[in-house]
């Protein structure tokens, strides 16, 4: 009895230690049965087998293992050290732990100097001010109630499209403000005598008078419909306005104390809006990239996330809830289909692999042939339009003239409409997974839509710089057909913008609405029911507005007021698409998550920006500027204004700038950038390995739980069997 009584406290104490395992350490007095029991866990055995070096460090530091119960001791050590720099809100703790940390923080404040206390209080006050300012700005957001309503009825996927459209409205408004402040405002102040300033006209130095001829419009009888043509094409009376490049034939604006250099301001405004767009898009896309990086999970985790965390709690509409149910079922079916295709790929023989890759190569050749045919058609349409555009308006009827003016825009629109249908048919024969089919089709459509604009611009560039007479050698470009080629390129961008807007309105008003009426009131017809209601496809709508934004980026240099037109266009499109979504369209069953949608939208927009920078850079650096119009008539190219401005700087500053732009600085800078890039690549690889280890640890934690449950079940069975034996 005495031995049994003596053993009971031992068992009780051992149970106590098992309940509080944070007291365990590697000291010689701590090798008790609970420690040996914890060492039998699968996770600890895996760590002991694979990371012997970490185990040796743990033994040297006197720690065997740190379960979750040691969290309170870690708080006093690690977290309290960072209370000075981080807010308590950022820690994933319960309320009691946060209150305890706040008490510790207030206790530490008493022992600080007055200067440190003032810094703490001022930083807190500043953070509170920033939070309040952010709360106020959320109430001033454009279309806040409309987007919230769309989010509640149709989910976050469609809401992300309208948020993206709002971002483009704000972006174009900021671009217009940049151009207005740097280019338009000094001219308006001088033109209307608001300030005491005068225009500085461009002196024509060593220039042939033939290059300065710019016949804008012909005199004589003007037909009534010519004003409609001018409004739709940017010719006639619009060509003389501040809408186009040719209006700004001014060398500067002379104020009382200084002379405003308009050519430099014009070029800086272009560089500024391109740089601002790039930085803004990259900043917004990084957030989505982080979320996508976190969500790059394994397939089993993907199933769990869709089942347990896939619901969109912003949905309040019953029909949208049913649509979300079907969307989740579709995603699960797509995942199972991808798993089936993955297994099918693993079981392929070498003959089947060769056959499928040969078929894909053949189909990709067909895709390239379709793209080449579209590009060639755009080239022919642009060439035909430019050659016949100079005819007198009285020699053609209204429809013929308008058709010739809009022929490149019509061909581009037809190509953008036909090629996605062809790509969707081809992709079914390439035997890809459903998710990859969608991504590849979208990428092909993106390339098609954005490359057509570049083909149009490069076709115009080839026509501008190619001529067979002496005029081209004299002026550097085809002055006979293009006396002010920048204005004519701006007119082409203006026509693309207007025609794209007309097509969007026409499809919504004359296709979607009648289709909705037929489906609603002619439900008995099987043909109409098979046709069905128009789907609100998010990728197609996004490609449409990215196409319009790319036109705006390219055309803003040649038509400074084009961002204002794009802003007005996107505002109208927002209301048109909202009405179409609410009354004529149904959401697509293939829904996008908000995080995936935002990252995809910004990635496509970034591709459009990169494609817009290429023709702009070539036109500013390679093609000679017009000698008959614009602020760069005294420069061979637009970029020459930068070296001339640098030449007016002090000699020391010139030496510094030339040194920074020389090869001696560029090569070491490039090497340093490469080293930094390799460092971040290695760091990303290390983080990826840590993420893999953490995922492995999560799976081991589940095995630990099963092991503990198994041991607990065995212990309960032993306890029940002991009275029976007694």
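Using the three backbone atoms N, Cα and C, a Cβ is placed for every residue, glycine included.
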Range among 135-153, 192-210, 211-229, 230-248 that TrEMBL annotates as transmembrane segment: 211-229
Averaged pLDDT, computed only over the residues in the domain 'TMC' (484-595): 83
Positions whose Cβ lies under 8 angstroms from the transmembrane segment (164-190), at least six residues beyond its ends: 141-143, 147, 197-199, 242, 248, 250, 253, 260, 262, 265-266, 268-269, 272-273, 276-277, 280, 284, 542, 545, 549, 552, 556, 560-561, 563-564, 566-567, 570-571, 573-574, 577, 597-598, 601-602
Chain residues in Cβ proximity to the transmembrane segment (597-618) (below 8 Å; excluding those fewer than six residues from its ends, i.e. six or more beyond): 156-157, 160-161, 163-164, 270, 274, 277-278, 281-282, 284-285, 287-289, 291-292, 442, 446, 450-451, 453-454, 457-458, 461, 538-539, 542-543, 546-547, 549-550, 553-554, 557
Tertiary contacts of the transmembrane segment (361-382), as residues 6+ beyond its ends and Cβ separation under 8 Å: 407-408, 410-412, 415, 419, 422-423, 426, 429-430, 444, 447-448, 451-452, 455-456, 459-460, 463
Counts by DSSP class (helix H/G/I, strand E/B, coil) across the domain 'TMC' (484-595): 88 helix, 4 strand, 20 coil
